[in-house]
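Feature annotation from Swiss-Prot assigns domain 'FMN hydroxy acid dehydrogenase' to 1-380; the stated evidence is sequence analysis. Feature annotation from Swiss-Prot assigns substrate binding site to TYR24, TYR129, ARG164, ARG278; the stated evidence is sequence analysis. Feature annotation from Swiss-Prot assigns FMN binding site to SER106, GLN127, THR155, LYS251, 306-330; the stated evidence is sequence analysis. Taken from Swiss-Prot, the feature active site, proton acceptor applies to HIS275.
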Amino acid sequence: MIISASTDYRAAAQRKLPPFLFHYADGGAYAEHTLRHNVSDLAGIALRQRVLKNMSELSLETRLFDETLSMPVALAPVGLTGMYARRGEVQAARAAAAHGIPFTMSTVSVCPIEEVAPAIDRPMWFQLYVLKDRGFMRNALERAKAAGVKTLVFTVDMPVPGARYRDAHSGMSGANGPMRRVLQAMTHPEWAWDVGVMGRPHDLGNISKYRGNPTGLADYIGWLGSNFDPSISWKDLEWIREFWDGPMIIKGILDADDARDAVKFGADGIVVSNHGGRQLDGVLSSARALPAIADAVKGDLKILADSGIRSGLDVVRMIALGADTVLIGRAFLWALAVHGQAGVKNLLELFEKEMRVAMVLTGAKAISEISRDSLVRELGA
């Protein structure tokens, strides 16, 4: 199969993966309107094409939290990444580090912090959920610090899990889920051998380290689901801000008032995100929410954005709308599922090439030159 874009990796991943895994990552909440709008709204952002600007010198490099990034992209935290490729978190982290961008480890990764951090030559980021078990949260933070993590991504848009209908249909959850997952694995032998057999242990490594016993998919659905905390408030985050002395990013901001609260709280950054359309259907796409948030807090903290980004062109669009950097999730996961570390490496190269083309044709020689002026106003702002 010819791979020329992230959408090609998605098609290939759908063939390779058992349906319960493909649809778990591909699906969204309820009827998935926001999931679709994340992509379509971003694709509808029109850029101003500029010509005769002498674009012989071009730089994608940017600075973020005292880190140099080869381009304004980081790999987003994705739960169960290690179920999509053998020791998937390690492979994805290595590809990101080799390209000069951050990898963000999920709380619910298969590989534990202690396995991934030593595998790369730059500090990774760590994502943490708000959970009722504060002991686990403190344990995870202490272990992240010990592993050299500098940047914490704190996800605040999951006080309860979203209603994801696809999971029940695919076998990820619901009646006879375990039996359906086994049958699906049997009909996908390449995945069954590479990940199902050779990728063991199929463990939630960070949780197992804390609990002292192996955890599996049932624990992911059970223990974690029952531990999300709907009572959380900004006050509950104060001890984390005091404990964590590195950059702290609040992920899951869609409203300008919440962005202002993040500034008051002392956050170093926010992620404008609707969790990839996986939490509340009908909320704004990240592309539509971003401009108002940027107007409210640009310059007070760093603004990151995710949800719907499928190409380097989309990265340029998000930056023009007000982001400093973006996170990509599904796009890298599909590449990882198809070709492992080499797939993520190729995907990042594709994103970089697409960014370069977009910047040349919009007359932006550096990331700092991408702005609202890069947009066709009546269509993109």
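Each residue, glycine too, has its Cβ placed from N, Cα and C.
The record assigns TYR24, TYR129, ARG164, ARG278 to the substrate binding site, and the maximum Cα to Cα distance across that set is 19 Å. Sequence-distant neighbours of ARG330 (FMN binding site): residues of the same chain at least 6 apart with a C-beta under 8 Å from its C-beta are ARG10, ALA25, ASP26, VAL78, GLY276.
Nearest by CA distance to VAL326 (FMN binding site), out of the recorded positions TYR129, ARG164, HIS275, ARG278, is HIS275.
Taking the Cα atom of each, MET318 (FMN binding site) and the residue listed as 'active site, proton acceptor' are about 16 angstrom apart. When other Cβ atoms within 10 Å of the Cβ of ARG164 (substrate binding site) are tallied across all protein chains shown, the result is 22. The shortest Cα-Cα distance from ARG164 (substrate binding site) to any of the recorded positions (SER106, HIS275, ARG310, GLY322) is found for HIS275. Mean pLDDT of the predicted structure over the domain 'FMN hydroxy acid dehydrogenase' (1-380): 95. For HIS275 (active site, proton acceptor), other Cβ atoms within 10 Å of its Cβ number 24. Separating the Cα atoms of ARG278 (substrate binding site) and ASP306 (FMN binding site) is a whole-number distance of 12 Å. In this structure, ARG330 (FMN binding site) is part of a helix by DSSP.
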